[in-house]
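Read the structure below first, then the notes.
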Amino acid sequence: MASEPVNVNEFQELARQALPKMYYDFYTGGAEDQHTLKENVAAFRRIMLRPRVLVDVSRIDMSTTILGYNISAPIMIAPTAMHQLAHPEGEVATARAAAACNTIMILSNMSTCTVEEVASSCNAVRFFQLYVLKRRDISAQIVHRVEKNGYKAIVLTVDTPRLGRREADIKNRMVAPQLRNFEGLLSTEVDTDKGSNLEALIKGIYDTSLSWEDIGWLKSITNLPILIKGVLTHENARKAVEVGVAGIVVSNHGARQLDYTPATISVLEEVVHAVGGRVPVLFDGGVRRGTDVFKALALGAQAVLVGRPVVYGLAANGERGVRRVIEMLKDEFELTMALSGCPSVKDITRSHVTTTEFDKPRSML
């Protein structure tokens, strides 16, 4: 009998054993040389912790709020596509795990379970990730369904006018399943003999003309708060605040879009400073340890989103696997807070980390 995983990284091997190669490669792969894919994780290792001692840590409070909604820890579930490729229960299992862990799941626009199925599966706060289609009327219909079914925010992904070059998917001739949110609205079946079926699908349906002006269009069709996901620069962060978004997600799409963009943790502080506290900043990319959560919060994130590890947990053991992934990260984060002398999330500050091995603390005697 195989031993139970003792950390989140060990779920990846379990997922590899459970999944067909095509699907495993789809979930694990990045764009082109996968430089950014490696950097998203490696960059965390270059950030060191500066703990405080002789602090009363007999009680640790990890709880926080996102857009006014309480969650048990600043660890949310990122939008990732097509969960039924990982497990038959798909996004429904992931949603139940999120509810059990008292956190927020962001359901992918490219989910294999419908917004209605996920909404009815459990009572929980959840957000919806949106891609804007060439057929704006279909995007509007989906937004209305999301609002009707109790989702609390729209997370607009803005870094995907076209799909990044994911060479494993091209080699495997990746075949996308029917995306059920589009049933009766749009055919997602593509017949191609030139590589990734998914790449051909995205090229056919995504709106490459999407621009800043279209934030106004989206705001006009929904009363839900709108966050934008895919910001990596202070220029875009300032523009996002100007157009009235309710939040920003610092993300390079899990390194699946444009290779040789910086690791997200390396640009988080730039975005936080540009925003200046006017809207919450969430963080996405490379989180594998509770120490990573702590580092992201120290650099200004309000919460982190976890993507691939959730899918690995789902592939390994369904809802229970997802719960274990989130619980492991929460346990590690709580321990990091205690050992760093931070009884609550608000006690985590920039002075608790140093971003290079040779950085001097900001105030030295």
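Cβ coordinates come from backbone N, Cα and C, glycine included.
Quick look at what TrEMBL lists:
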BINDING   79-81, Ser108, Gln129, Thr157, Lys229, Ser251, 284-288, 307-308  FMN binding site
BINDING   Tyr131, Arg166, His253, Arg256  glyoxylate binding site
ACT_SITE  His253  active site, proton acceptor
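Sequence features, as recorded in TrEMBL, placed on the structure.
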| residue | record | Cβ contacts under 8 Å, 6 or more apart |
| --- | --- | --- |
| Pro79 | FMN binding site | Ile106, Leu107, Ser108, Asn109, Gln129, Val155, Thr157, Lys229, Leu305, Gly307 |
| Ala81 | FMN binding site | Ser108, Met110, Ser111 |
| Tyr131 | glyoxylate binding site | Asn109, Met110, Ser139, Thr157, Thr160, Tyr206 |
| Arg256 | glyoxylate binding site | Gly29, Gly30, Ala31, Leu37, Gly164, Arg166 |
| Asp284 | FMN binding site | Ala78, Lys229, Val249, Val250, Ser251, Gly254, Thr264, Val304, Leu305, Gly307 |
| Gly286 | FMN binding site | Glu39, Asn40, Val41, Ala43, Phe44, Ala263, Thr264, Ile265, Asp292 |
| Arg288 | FMN binding site | Val8, Asn9, Val41, Phe44, Pro309 |
| Arg308 | FMN binding site | Gln12, Tyr27, Thr28, Thr80, Gly254 |
Recorded glyoxylate site residues Tyr131, Arg166, His253, Arg256, farthest C-alpha pair in Å: 19
For Gln129 (FMN binding site), the number of other Cβ atoms found within 10 Å of its own Cβ: 23
Neighbourhood of His253 (glyoxylate binding site), C-beta criterion under 8 angstroms, separation at least six: Thr157, Asp159, Thr160, Gly164, Gly230
